[in-house]
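Peer 1: Here's the feature list from TrEMBL:
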- 43-48, 183-189, 214-218, 283-286, Ala351: GTP binding site (BINDING)
- Ser47, Thr189: Mg(2+) binding site (BINDING)
Amino acid sequence: MGAGCTKVQSQEEAEDAAIKRNMEIEAKREQKVLKLLLLGAGESGKSTIFKQIKVLFQTGFDDPERRSFVPVIHANVYQSIRTLLMGCKEFAEREGESSSKYILLPENQNYGERIAEVESPEGCSLLDEDNALKVQNCWKDPAIQAAYLRGNELQLPDCTEFFLNNVLRLAAQDYIPSQEDILFARQQTTGIVETEFSPDKDPKNKGVCYRLFDVGGQRNERRKWMHLFDGVTAIIFCASLSEYDQTLLEDDKQNRMIETRELLAWLLQQPWFENTSFLVFLNKFDIFQKKALKVPLSACDWFQDYQPLTTNNQEIERAYRYVERKFKKIYEENTAPSNIQRQFRTYRTTAIDEGIIKETFRLVDDALTIQRLIQEMLNVLHVLACSSLEGVFLACEWQRP
Ligand SMILES: Nc1nc2c(ncn2[C@@H]2O[C@H](COP(=O)(O)OP(=O)(O)OP(=O)(O)O)[C@@H](O)[C@H]2O)c(=O)[nH]1
Ligand SMILES: [Mg+2]
């Protein structure tokens, strides 16, 4: 009996030791995991960056995952065309005499009426080839195109043009979304999702891994962010460059760029983030490039003092630099000069462009590696300073009569 007891005991001891060992390995691994938060207002591109991580540093999207985007993409098509049809109605009512511009061609009117009555795009059946043809005809209608030019007044999703130009392909029976389709697909995030990745095979990064969190950016989602605020290495703050002439989906009195400014300022003021780096992705540069020459930056109150000089590519660069400076200023205004621990960087991004995001993450990784090395050096210096101070105290003790 005694021998049996010892055997059970040693088995339990072995199990305890194994658990302890695993916990130690896990704790060591955790030390090398750096926490990154993707934050920013709604539709700034956070989830698109999150999808790019899967494409660039993980396994990408397999066939079943691709298929799971079909209902989202079909809903995007309905939402886009419906928003444009409603826009035509609204503009026609508002414009009075010049309203004919927003009246659909007779052959599209029936379908237009029917779509405009559908309560929610999610409620629609999947897009079939017959409906897709009608959507395509509506999209080509001059009235819809006229409303599209005023898209900033309509809460139109950014995927509108891409999906409506491709609507027949999206409705084919054997349709499987491409990677590009998935990146364009718009689905508002609710809750929190996370993933782990290592951006580089470079030996200098051996063992370093990032844990990235994606959250919903609309106002009612932001109270959930707080649960993630502890121990954050860096915040990737997404700001949509193209939103300067748009209002929020959740509050049509608030300009989106002003909301982004206030959100960034608020985050910078949070005590949790005293030592957290702020990496600002000035996103949707592709849309900004087209918009900046057509819509003056001064459409946004924050950019009132901007004066365009030319109408060519140089102007786009000037406008971008101006916006970038504005963001830097927000950082300076909300960071004590004595706080040299955190860094602030801006990146010009187009989240749907794989090449740009790959290069951006290479730069992000470099910046965070440098920061980590500096931090490690400071820690060593701190330990050395403490131990030499201890030595001085001991020497004083020894010399005391
Ligand atoms: N053209 C273009 N479209 C973009 C870019 N980044 C994002 N989008 C599109 O913008 C839409 C919104 O992007 P999301 O990534 O869903 O935005 P989000 O920040 O996650 O939004 P919430 O989940 O509501 O907080 C999607 O249709 C994207 O395809 C970009 O750089 N260029
Ligand atoms: Mg999202």
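Placement of Cβ uses the backbone N, Cα and C atoms for every residue, glycine included.
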Peer 1: For the binding-site residues Lys46, Ser47, Asn283, which residues place their CB under 6 A from an atom of ligand 2?
Peer 2: Lys46, Ser47
Peer 1: Between Arg186 (GTP binding site) and Ser47 (Mg(2+) binding site), how many Å separate their Cα atoms?
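Peer 2: Answer for this pair: 9 Å between alpha carbons.
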Peer 1: Given a separation of at least six residues and a C-beta threshold under 8 Å, show me what packs close to Asn283 (GTP binding site) in the same chain.
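Peer 2: Listed in sequence order, they are Ser44, Gly45, Ile49, Cys238, Ala239, Ser240, Leu241, Thr349, Thr350, Ala351.
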Peer 1: Using other CB atoms within 10 angstroms as the count, which residue among the binding-site residues Lys46, Arg186 scores least?
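Peer 2: Sparsest of the binding-site residues Lys46, Arg186 by Cβ contacts within 10 Å: Arg186.
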Peer 1: Under DSSP, is Leu183 (GTP binding site) part of a helix or a strand, or is it coil?
Peer 2: helix
Peer 1: When DSSP is mapped onto helix/strand/coil, what comes out for Gly216 (GTP binding site)?
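Peer 2: Its secondary structure by DSSP: coil.
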Peer 1: When neighbour density is defined as the number of other C-beta atoms within 10 angstroms of a residue's C-beta, which of the binding-site residues Glu43, Asp286 has the lowest density?
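Peer 2: It is Asp286 that, of the binding-site residues Glu43, Asp286, has the fewest other Cβ atoms within 10 Å.
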